[in-house]
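Look at TrEMBL and you will find 30-53, 65-86, 106-125, 137-163, 205-230, 242-265, 277-297 tagged as transmembrane segment. Taken from TrEMBL, the feature domain 'G-protein coupled receptors family 1 profile' applies to 46-295.
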Amino acid sequence: MTTIILEVDNRTVTAHFILLGFPTRPAFQLLLFSVFLATYLLTLLENLLIILAIHSDGQLHKPMYFFLSHLSFLEMWYVTVISPKMLVDFLSHDKSISFNGCMTQLYFFVTFVCTEYILLAVMAFDRYVAICNPLRYPVIMINQLCGTLAGGCWFCGLMTAMIKMVFIAQLHYCGTPQINHYFCDISPLLNVSCEDSSQAELVDFFLALMVIALPLCVVVASYAAILATILRIPSAQGRQKAFSTCASHLTVVILFYSTTLFTYARPKLMYAYNSNKVVSVLYTVIVPLLNPIIYCLRNRDVKAALRKTIHCRGSGPQGNGVFSS
């Protein structure tokens, strides 16, 4: 590989990074390539099927499934930002990534992660209204509000990523830095910067606090109210039915928040250790694979719609709109 070095303001500026990835023997690299390729393709297929099922089945034209379709669409792109480059690196000796390529990957990764945090909070609010205010649910969760909430999630994710990128991209990186990770993430990039990155770290911390802590508070408050409401239901069957409507979402929230908080709540120097790569695999590869399975296993409506979609019995959209309230 030929290292390209630029001179800017009498300083040496890198044009490439090296992603260390998973340094193992070639035979094991091939095994990892096969496993991650299968996982990537299966994740795309699962989420695509859920989107098609929700779109084609009129029974699923409801706010809950409208947000689920956004989650599936998001996670298809979420894994696509990372997996293709990772798969190429498994088979190549040249594990370099251009500066622009690295910044582009980071921008979209941060966008999708931040959007998912907020979207999961919106989905928790939807479940809160459905269980705690069932009679007012059709009045509150109207089409216009649901569309605004979904659009707001994407807008906040895009703006958060843009602000972070302004500070990350202007940092000075010397030579051809080696990033101890399999994709461009904020903390590994801060580690290889050869100038003071305290300002970028402060901005990243503040925005992470806003994007992670506030949605988490919404999720906790929503489920606290949901739990209190469920416990007041007199019959066991009624309690089980009410809980079943939010069990899938709660499982997805726990998986996503637990794995990402473990990573982003730790100091940046912890990225020097390979254990963080394993945790990152959980939320960038495993969680997007499991989410559609979780929703299918615990939701009879989704399972029925998927069976229709897979067996080509769906006859196209059966509702008057994207969803009905």
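Along the chain as shown, the residues are counted starting at 1.
From the backbone N, Cα and C atoms, a Cβ is placed for every residue, glycine too.
The list of residues near the transmembrane segment (277-297) in space but at least 6 beyond its ends in sequence, with Cβ under 8 angstroms from a Cβ of it, reads 22, 36, 39-40, 42-43, 46-47, 49-50, 68, 71-72, 75, 78-79, 82-83, 180-183, 185, 248, 251-252, 255-256, 259-260, 262-263, 303, 306. When Cβ-Cβ distances below 8 Å are used as the criterion, the transmembrane segment (205-230) is approached by residues 114, 117-118, 120-121, 124-125, 127-128, 131-132, 156, 160, 163-164, 239, 242-243, 246, 250, 253, 257, 260-261, 264 of the same chain, each at least six residues removed from its ends.
Nonlocal intrachain contacts for the transmembrane segment (106-125), taken as residues 6+ away from its ends with a CB within less than 8 angstroms of a stretch CB, comprise 64, 67-68, 70-71, 74-75, 77-78, 81-82, 149-150, 152-154, 156-158, 160-162, 164-165, 168, 183-186, 189, 211-212, 214-216, 218-219, 222-223, 246, 249, 252-253, 256-257, 260.
Beyond the transmembrane segment (137-163), the same-chain residues lying 6 or more positions past its ends with a Cβ under 8 Å from any Cβ of the stretch are 63, 66-67, 70, 107-108, 110-116, 118-119, 122, 125-126, 129-130, 203, 207, 210-211, 321-325.
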